[in-house]
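Since the structure comes first, as structure tokens, the remarks are kept for the end.
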Amino acid sequence: MKSTAESKETPSQDESTTSVPCTEAPLVEEGEEASFGAYKRIFTFAGRTELILQAVAILAACASGAGIALQNLIFGQFVTVITDFTNGISTPADFRDNAAELALYFVYLGIARLVLSYTYNTLLTYAAYRIVRNIRHAYLKAALSQEVAYYDFGSGGSIAAQATSNGKLIQAGASDKIGLLFQGLAAFVTAFIIAFVVQWKLTLICICIPVATIGTTGVVAAVEAGHETRILQIHAQANSFAEGILAGVKAVHAFGMRDSLVRKFDEYLVEAHKVGKKISPLLGLLFSAEYTIIYLGYGLAFWQGIHMFGRGEIGTAGDIFTVLLSVVIASINLTLLAPYSIEFSRAASAAAQLFRLIDRESEINPYGKEGLEPERVLGDVELENVTFSYPTRPGITVLDNFSLKVPAGKVTALVGQSGSGKSTIVGLLERWYNPTSGAIRLDGNLISELNVGWLRRNVRLVQQEPVLFQGSVFDNIRYGLVGTPWENASREEQMERVQEAAKLAYAHEFISELTDGYDTLIGERGGLLSGGQKQRVAIARSVVSQPKVLLLDEATSALDPHAETIVQKALDKAAEGRTTIVIAHKLATIRKADNIVVMSKGHIVEQGTHESLIAKDGVYAGLVKIQNLAVNASAHDNVNEEGEGEDVALLEVTETAVTRYPTSIRGRMNSIKDRDDYENHKHMDMLAALAYLVRECPELKWAYLVVLLGCLGGCAMYPGQAILMSRVVEVFTLSGDAMLDKGDFYASMLIVLAAGCLICYLAVGYATNTIAQHLSHWFRRLILHDMLRQDIQFFDREENTTGALVSRIDSYPHAILELMGYNIALVVIAVLQVVTCGILAIAFSWKLGLVVVFGGIPPLVGAGMVRIRVDSRLDRQTSKKYGTSSSIASEAVNAIRTVSSLAIEETVLRRYTEELDHAVSSSVKPMAATMICFGLTQCIEYWFQALGFWYGCRLVSLGETSMYSFFVAFLSVFFAGQASAQLFQWSTSITKGINATNYIAWLHQLQPTVRETPENHDKGPGSGAPIAMDNVRFSYPLRPDAPILKGVNLKINKGQFIAFVGSSGCGKSTMIAMLERFYDPTTGSITIDASTLTDINPISYRNIVALVQQEPTLFQGTIRDNISLGVFNPNTQPFFSDKDAVKSVSDEQIESALRAANAWDFVSSLPQGIYTPAGSGGSQLSGGQRQRIAIARALIRDPKILLLDEATSALDTESEKIVQKALEGAARDGDRLTVAVAHRLSTIKDANVICVFFGGKIAEMGTHQELIVRGGLYRRMCEAQALD
């Protein structure tokens, strides 16, 4: 029969609510195209200082650009000097003196360019750092201010990854590229002004060049911006999906889900790749049109100039040469607009995506200052006729005309089935949501009229699945003091309060035993603590501020019986004088409540005290009977609050000596630890990185061939110009028809050059984007796949938080896209042009060529390579620093309910901003140093042009080279300098691409310890039993000095049901991790069917094992998808295959598994049934519903070994009873071996063997009856949970 209560869905209180769409199709919504309005808005985030810096920088860039154009005047005078010498007007000595004087102007220009280019690059880059910092700050502030429903809808994308990756795109488009743009525009304008002054008629003809070029660039950039925006949207949702996968990496390993999930991730990438392919013809058009238009205009100008000269409209050849050189300079700088326009387009698209969230007004804004803040809080809570449906499912009513009065200072308990609305009341009291109708009051005031921050600071919450933040234990508990008078107290005062709260939560003792006590770092989401330890720290965090209203949503669900009893007493004490609302499935924890409210279907079924409800013999009494344990307590067996008894004390004495490992073992542990450290990796240089990228995708050979041929054709542009312009000078020595005929011929040659540019750059633009999009797709998929291959200890490392990893998944492939797109073509063309121009110079005038090429090119290239090397180191450092800020953002947004309930939005934002400020400040000095190298790359060309001009004229005057040869050689050197200067304008993209390639290559070759190898490929686990543990000792790899298991000996036979019980942190869950082979023993061994576990193929072994975790992990997708992921299919294809084992699971199998987990009733009652989206992390389901889906996923696997780590901790009493029967049946199904960790002893009392852990060892072992008779630790645990 269907349970109607279950149809009233309660979205989870789980924290993994970041933002994947609730629906499965379409993959992304169509977004609005980013406009350059978004680009302009970027600069509204600049402060006064940044605006001043930008203004100074732009002036410097314009001056630098003017300097580029002023060389045309020098060239004009140079032609006059040449003409005078050729015509015999000046002597060789005068010729050399005049040449030396003109050469000095080049030296001065070089010095000016050095100062100006250094100035504008440094100032603009620093200003961009600050602007992007402000945008990221505003973005995270907006994210933290959104109401919880925003995340329920999956509206956010991966917020942390977007803040980092989109910030990098904005940085790229709002820093030095602006200076290069203004420099180019200034050079273009100045060159045309010079040309107008010299010969206005001829210059007017050349106006067609910029008009056509800018028009083409504008149209293409607008269309391309729309595609870029769409790609960013798809990648944002792909990143969010990846975030959910990485957050649940243990489940991925346990069930072998990697290939299926990566394939699902790839569906997003395929969609993005389709859009990316549409950019290829646009880039082909953009580059080919620019160069073609320029050379067509150039040919037209030369043809017209010759004819005007022949008609006497132009007086001297020098004027034509000055105009033509001005057109060349203007054209060269105009061609740079194309790649810059793409950078600006990407920056605009990235900014527009961030601005959408920044502009969104939250319905419940925690930053708001409005609302009442009463001076005194009594704690009277009243819900009056409250009706509520979650925004994601408006058709399902969770609370229906619900009314409840909670008197001040009293304890009110809420019990009932999962999905009955208990946790919904908590969400409404915390103002995560507003009721659909009805009123909620605190001390008579509508909570909607109270200040949100004030309300949450006075109504504290401990959640069912507590979330801690990266940092120390002290930091986490101190968060509870935010917004109180003790927030800014001294550390000593805060520590005193923190310790008092920890003692109240029965956490002080275990915290004191940690390596660094309260300063011990606990890892991402508190991952280095056990579930019970995390829960106690969360309780301490909530009570440290001494709130007037306390909400406990299954606050003791993860505690062992002894700790639960003590903590419950502490909570009972803490509840004195304050209003407490308790949600509990363990009825022992609420029997002393002043009022127990039994809920079902959003209504109150019955309420009263424990005694009155027992006497009524109704629903509550039935639940109590289910949980009672058969223990006859005696007076002397009462729970001892101070210790576990004498037997425990003896154990402690024996354990103190076992704390160190032999040197060889420690050496092995350190080597494994160092292996996962990227900083120890030897980095590839640029050529090796490029070679790796080419080798990685051999299917792109055709595209690389097209690019190479196109680059070879494109590199002929500058040498061709040098030869043609040298011939132009010869034309002016002729007269009459001969001059016009030669002029027409060379003008037609420029048209041929334009045609060649059209073909070459069309091919290059199309092929490079094809390569870039393919590599981006491939490496996004590969980097996630390779991350999921790694051992669990890889994810335990501080630098490998979920947020940091997702940021790398997004930013590194994009860096490769930038490198291997048009940038690599421009770099290759520039390199080939330097080489060909150098060869041409040496060929026509070997003395001049050798002196200038080997005197000027090496220092220029050297300065550029030094910049790339320094820039690469800086990029690695800043990426690491920004990774820290990304981790803060990721954990805050993933834990949005915890952040909001603690009202610590400002604190999180301050931490995030401090990390951003640290990243900016620490980058300034090395960035300023790299800019010196950049300045040198921009000025050295002028210095070797000066050398070439002076030495070349000297050779001409001495008759050692002809005038034509000198012109060819000198112009070749001039164009080589232009090419080399352009080459290093893209050094930032080069360094980022090289660093990204290095990380991806390192990760790809990094082999996990737990993997399939040729040696173990055919070694299976046999029958899966017996399992024997021989003196197993274990310390987590990152905490070698903190032993968890201290010599465990155990044998589990086929078909047995074994239970592990004991206090939190004693090693129970670690045993499960050992059996799942998340880690290997530090010393000792585990054997399966007489084979050592480390010698068995881990894939084959895990195929016979199923795991249900204490905090179940679900992934974005439907309920069906999540259960299907539990099925092992021996024919599963690798991730790059289109086949998927998940699709082969029948609906009948799904239904059978759901029925076994007591989940079929609630699933079948949903409108979409098994095709209902579970949401990111299962956020659309309640905790109990998620747990049952996880159990169904384990049961559908039909495992030989079933591992249950608090598998029923989130279930209500009735569901637990049914599911427990199913699990017991599953445990006795055939020869299945079952290992269960449990704090609810009623769930394991029928186990064949119960192992009581204490201090990393098995203290007691036996059946339930045997251990009760023995009267030790286990008996006292049972007494703590007895209800009668």
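Each Cβ is built from the backbone N, Cα and C atoms, and glycine gets one as well.
As recorded in Swiss-Prot:
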COMPBIAS  1-11  compositional bias 'Basic and acidic residues'
TRANSMEM  55-75  transmembrane segment
DOMAIN    55-346  domain 'ABC transmembrane type-1 1'
TRANSMEM  99-119  transmembrane segment
TRANSMEM  178-198  transmembrane segment
TRANSMEM  203-223  transmembrane segment
TRANSMEM  282-302  transmembrane segment
TRANSMEM  320-340  transmembrane segment
CARBOHYD  Asn385  N-linked glycosylation site
CARBOHYD  Asn401  N-linked glycosylation site
BINDING   416-423, 1062-1069  ATP binding site
CARBOHYD  Asn488  N-linked glycosylation site
CARBOHYD  Asn632  N-linked glycosylation site
TRANSMEM  705-725  transmembrane segment
TRANSMEM  745-765  transmembrane segment
CARBOHYD  Asn800  N-linked glycosylation site
TRANSMEM  824-844  transmembrane segment
TRANSMEM  846-866  transmembrane segment
TRANSMEM  931-951  transmembrane segment
TRANSMEM  955-975  transmembrane segment
CARBOHYD  Asn995  N-linked glycosylation site
CARBOHYD  Asn1122  N-linked glycosylation site
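In sequence order, the recorded positions near Asn401 (N-linked glycosylation site) (Cα within 10 Å of its Cα) are Asn385, drawn from Asn385, Ser418, Ser1064, Cys1066, Lys1068. Counting other CB atoms no more than 10 Å from each candidate's CB, the binding-site residues Ser420, Ser1064 peak at Ser420. For Asn1122 (N-linked glycosylation site), the nearest neighbour among the recorded positions Gly416, Ser418, Asn488, Gly1062, judged by Cα separation, is Ser418.
Cβ atoms under 8 Å from those of the transmembrane segment (931-951) belong to residues 64, 71, 78, 99-100, 102-107, 109-111, 113-115, 117-118, 121-122, 125, 847-848, 851-852, 855-857, 859-860, 863-864, 866-867, 870, 969-970, 973-974, 977-978, 980-981, 983-984, 987 of the same chain, restricted to positions at least 6 beyond its ends.
Spatially close to Asn385 (N-linked glycosylation site) yet at least six residues away along the chain are Asn401, Phe402, Ser403, Ser437, Gly438, Ala439, judged by Cβ distances under 8 angstroms. Annotated pair Ser1064 (ATP binding site) and Asn800 (N-linked glycosylation site), C-alpha to C-alpha distance, rounded: 26 Å. In terms of C-alpha distance, the listed glycosylation sites Asn488, Asn800, Asn995 place Asn800 closest to Ser420 (ATP binding site). Cα of Cys1066 (ATP binding site) to Cα of Asn800 (N-linked glycosylation site): a span of 26 Å. Across 55-75, 203-223, 745-765, 846-866, 955-975, stretch 745-765 shows the highest tally of CB pairs under 8 A with the transmembrane segment (282-302). For Gly1062 (ATP binding site), the spatially nearest entry among the glycosylation sites Asn488, Asn800, Asn995 is Asn800, judged by CA separation.
With a 10 A radius on its CB, Gly1062 (ATP binding site) counts 28 other CB atoms from all the protein chains. A 10 Å cutoff on Cβ-Cβ distances gives Ser418 (ATP binding site) a total of 29 other Cβ atoms nearby, all chains included. Minimal Cβ crowding within 10 Å, among the glycosylation sites Asn995, Asn1122, is found at Asn995. Residues 54, 57-58, 60-66, 68-70, 72-73, 76, 117, 120-121, 124, 206-207, 210, 319, 322-323, 326-327, 329-330, 333-334, 336-337, 340, 344, 985 of the same chain lie 6+ residues outside the transmembrane segment (178-198) yet bring a C-beta within less than 8 angstroms of a C-beta in it. DSSP assigns Asn385 (N-linked glycosylation site) to a strand in the three-state reduction. Below 8 angstroms of C-beta separation, residues 291, 324, 328, 746, 749-750, 753, 756-757, 759-761, 763-764, 766-768, 771, 824-825, 828-829, 832-833, 835-837, 840, 967-968, 971-972, 974-976, 978-979 of the same chain, each at least six residues beyond the ends of the transmembrane segment (705-725), sit close to that stretch.
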